[in-house]
Amino acid sequence: MVLWGLLLGVLLAAVIGYLCLPGLFRQRKPQEPPLDKGPVPWLGHAMTFRKNMFEFLKGMWAKHGDVFTVQLGGEYFTFVMDPLSFGPILKDAQRKLDFVEYAKELVLKVFGYQSVHGDHQMIHSASTKYLMGVGLEDLNKAMLDSLSLVMLGLNGCSPDASCWCEDGLFHFCYNTVFKAGYLSLFGHTEDKEQDLLQAEQLFVEFSKFDLLFPRFVYSLLGPREWLEVGRLQRFFHNVLSVKDNLKKDGLSNWLYHMLQFLREKEVAPAMQDKFNFMMLWASQGNTGPTSFWALLFLLKHPEAMQAVKKEATKVVGKTRLEARRSFSCDLSILKCTPVLDSVMEESLRLRASPTLLRVVQGDYSLKMANGQEYQLRHGDKVALFPYLSVHMDPDIHPEPTAFKYDRFLNPDGSRKVDFYKGGKKIHHYNMPWGSGVSICPGRFFALSEMKIFILLMVSYFDLELVDPDTLVPPVNPWRWGFGTTQPTHDVRFRYRLRPAE
Ligand code: HEM
C-alpha cells in the first residue's frame, strides 16, 4: 500500500514537473517581446484570462505595450495590439503562420470532426460560390420564405395576428433567426408543421450547447456538464444526419456541394454528420445574437430607428399584411440600404469580438509598423483581439463605446471607409469577421439574413421595450473572444404585426 502511494506520488510529481519545468525555465531572450508567465506555474494567467479576456488584455497592454507574450495553460500567446502592424501577420508572406492545423485540432475537440485534406479550401470556395454574389440571391429568397414561415406560421398572416406579444428580445431574435437560417441552409420537407417543430427543438438544444460552449472550449466543464455536452453532440449528429438531410427539399447548394466533396473523399457518413453540426454552429451561432444587439440599439436610439424606418419604407413599400399573406419584397433592395448597413457595421463593431489565432511555424520575425522587430518562437501562438485594439480605440472611433448609427456613413450618405490612426489611414478599422485565411466565408449571407430580419421587424411590426428606461445589458464576460458576444440577461419587449388598413 505504502509502495503504491509512493509510486503514485512520484508519478504525479513527474507529470507536474514535465508540464511545469519548461515554463519555469523559459526566459525572455533578446529581441523577444516582454514575457509574462503569470502567477501559477503552467496555468500562467489562464484563470484571469478566461474569466474576462477583455479586462485581462487591457491590463497587459497597459503594462507591456503593443506586443507581449503571456502563458495560458502551458502555451505561449503573443498578442499584437497595434492594428497598423496587422498587415504582415494577416498576409503571412513568410508562410510561417499556420491557421489550418490549429483549426483542425479545435474542430476535432469541439465537434468531433476529423478534417480531411483540402476541406478548409473547399469550405471557402463553396462559400464564395453559394454564399456570395449570384449564388446568394437564391439563398436570400429562401431566407425570406423561411422567415415568413417562422414569424407568420404555416398559413401566412392569421386574421387575428395584430395583438401584442411579449418576449425576451434576445430569445426572440436568436430563436427566429436561428430557425429561419437553419431551414434555409439545411432544407425542409413537405411537412412544414413538422419542420417548424424540429427547428424549435434544435434551437432549444443548441441554446444548451451554446451556454456551455466557452467553458467547454476552455476545458472547464464539471463531470455532469461533460456528459451533457456528449449527449448534445450525439443529438445534433443524429438530427443533422446526412441520410435524412440529403433527402430534403431545398437543401442549400452550399451544404450540398460541401457534402459532395466529403463523399468524393470517401468520408464516412458518421463523420459527415459531424461536419453538418460544425456548419450549423458556424452558420447559426452569431447571426441571432448580432440581430438582437442591432434591434436593441435601434430601440434605445429613436433617431436611428427613425432613419432605418425611413429607408425601409422607401425600399420595402407596402408594410401591412392582409390575412393569409406572407412577406414579400424585392430582395435587390438589400443593395440600397446604406443606413441599415451602417447600423449593422456599428452593432458588429460594438459587440463582435473574435480572436484571430495563428501558430508560429519555425522561428518568426515580426516586423511592427514603427520599424521595431521581434523574434517569436516556433510553436507559440500569435493572437489578435481587434475588439480591444481596433473597435474600442478612441483614435479610430471617437467615443468608442457609444452607438452612433451613422458612424459608417459619409455626409453624402455613401459608405464610409476612411478611418485613421495616428493620422495614418487604417485598413483594418472594423474586424467582426476576422481577416486573412480565416475570414468568415459566410459574411455576405450573414449580413443579408440579419438585414432581411430587421427590415421585416421595423417595417411590418410595431415594437417597443416593456420598460423604455431599461439599460443595454452588459456583455457576458465569458464570451469575449468567441465571435458575437451575448448579454448577461435578456430584455423584455413587445411586438405586434401592424393591423391591416
Ligand atoms: C454575425 C454573423 C457572423 C459572424 C460575426 C461571424 C464571424 C466569424 C469569424 C470571426 C470567423 C473566423 C474565426 C477564426 O478566425 O477562427 C468565422 C468563421 C466561419 N464562419 Fe462566420 N460569422 C457569422 C456568420 C456566419 C454564417 C451565416 C456562416 C455560413 C452560412 C458562417 C460560416 C463560417 C465558417 C464556415 C467559418 C470557418 C471558416 C474557416 O475555417 O476558415 N459564418 N465567422
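For all residues, glycine too, the Cβ spot is worked out from N, Cα and C.
As recorded in TrEMBL:
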BINDING   Lys109, Asn286, Lys381  substrate binding site
BINDING   Cys440  heme binding site
Consider each pair of residues in Lys109, Asn286, Lys381, all listed by the record as binding substrate, and report the largest Cα separation in Å as a whole number.
25
Assigned element (helix, strand, coil) containing Lys381 (substrate binding site), judged by DSSP:
strand
If you count, for each of the binding-site residues Lys109, Lys381, the other Cβ atoms lying within 10 Å of its Cβ, which residue has the minimum?
Lys109
Through the lens of DSSP with three states only, how would you label Lys109 (substrate binding site)?
helix
Can you grab the distance from the residue listed as 'heme binding site' over to Lys109 (substrate binding site)? Cα atoms, rounded to a whole Å.
20
Around Asn286 (substrate binding site), which residues of its chain at least 6 apart sit with Cβ under 8 Å of its Cβ?
Ala352, Ala446, Gly483, Thr484
